[in-house]
Amino acid sequence: MNIKIIYDKFILILKLLRNHYGIFYRKKEVNLSTINVDVIGLGVYSNGILSPSTEKINNISGNFLKNVLNEFKAKTGDSIVLYNVPNIKAKKIILIGLGETNDQTIETHIKAEESFISSCIKLQAKECISTLTENNIKNIDNLLLIKNAIIAANNSLYKYTLTLKDHKEISNIKKIIFTTQIQNENSIQRTLLEATAISSGINLAKELGNLPSNICTPTYLANEAIKLEKEFKNIKVNVLNIEEVQKLGMRSFISVSKGSDEPLKFIEIAHTYNGVQTEPEQKTIVIIGKGITFDSGGISLKPSSSMEEMKYDMCGAAATLGIMKSIAKLNLKQKIIALIPACENMPSGKANKPGDVIESMSGKTIEILNTDAEGRLILCDALTYAEKEDPYLVIDLATLTGACVVALGDYRTALFSNDEKISNLFNMASEKILDYVWKMPLDDHYKKQLKSNFADIANTGGSSAGSITAACFLSEFIGKYKWVHLDIAGTAWNKGIIKGATGRPVALVSQFLIDQENES
């Protein structure tokens, strides 16, 4: 699929292939009425006001568009297809509802954009023009609209095919053109680079999340990391096996893996600008992704209903790999380290048992009350290991608790942090990129639920405030660094007819890192 951005007299062509993007330019005069494409999408507000391009097309067509507006309420995402519009070469015009002029947000515009893409798919269009990105939203940078539109198009056109012998493409779309009134070529180019880098990372996270666990094993994840090293000169990878992990004293991590025949892997991915050794004073960010490639619950066996979804328990690791791919494409001027403890949680005669006491890498002992609360047992050692990098910030991503799903559903990711400023920056990034978070409490009050008579801490605090007590558990293993914990149990995958990995929170964390770069 090709994506073009039209701005003034220039046209920027962005070639998209699966997980690969390239950019080049050419000059071209633009007149929408003379472009022979399958579909042009035009925005209409619910009070009848037309967007700039809609107004132009309406005038050229002799008020053809306005004559049909009585039948069109133009609520956000509404659409109507028009054929044989006078003086217009495009085969079809789709009017897209933008809602009330006073209620415009990035989210409403992206809802309209998704409606347009959906209509193009249904019409089996090959070449499409969307003019929705030219619309201005009060107090919103139009570049953000373009970025989100490209990411939304990528998400709409994604289809999992890796284990399908016979499959049809989700659409016939080969080219999408987005229009904008922005004339700053450098800004457009940077926006496109960011949008396509994030889209590439999202696609990788989706592909890994959707793979079955008999394919996507800890070894498979390690090999995916090695692929990144081969693709990007600014990425270095180190994969530790069981013997090396034992030497480091990651006993908690190892204990989770004991029930499985699949060998664990501890994956370390380092990104530096241009692959060059960074200055000692440069701040380091560590990203940790939970990599339970299948979670049976262990001896505390899960019910069979929906157990097949436990292949998604490595979506934190998948997102981490996606984020590293995104930042490698952007070649950010930051030192970013990714850590992925990867293993399975299976029942066997060697597996952890309820009541067992294990020692973590930090030296703290943990009473295992429930072997299905295993994610925190691998993350705690990774949090301790992260201290060797002397990071100023550690971000962990984990499908950690069902309690998070009960609290927030599938719309917002739960955010826990020991730093209010960092929390606010994450919230700002989430609003920009439509990958929303909700700040959760981390009060000491909840820690009493983790008290144990037989160890320094218990691995679960019972059913009450489950996502909070899980975060409190992790907080016992952090160093002096700033810390963000993202519980993505509700947002990492969709259920029902749209079942599949979402790629979240690749966009969120990537945008946060981009913002950090812009502020430095």
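Using the three backbone atoms N, Cα and C, a Cβ is placed for every residue, glycine included.
Unlike curated entries, TrEMBL annotations are predicted automatically.
In the record from TrEMBL, residues K290, D295, E374 bind Mn(2+) 2; the candidate from D313, D356, D390 listed for the same site is D313.
For the Mn(2+) 1 site, the Cβ centre of D295, D372, E374 serves as reference, and the other residues of the chain with Cβ at most 8 Å from it are V256, I292, S296, G297, G298, S300, K302, M310, D313, N345, T371, A373, G375. Here D372 (Mn(2+) 1 binding site) is positioned 8 angstrom away from D295 (Mn(2+) 2 binding site), judged by their C-alpha atoms. Per Cα geometry, K290 is the residue among the recorded positions K290, K302, D313 nearest to R376 (active site). Listed recorded positions: K290, K302, R376. The one with the lowest count of other Cβ atoms within 10 Å of its Cβ is K302. Taking the centre of the Cβ atoms of K290, D295, D313, E374 as the Mn(2+) 2 site, the nearby residues of that chain (Cβ within 8 Å, site residues left out) are I292, M310, M314, N345, G375, I378, A398, T399.
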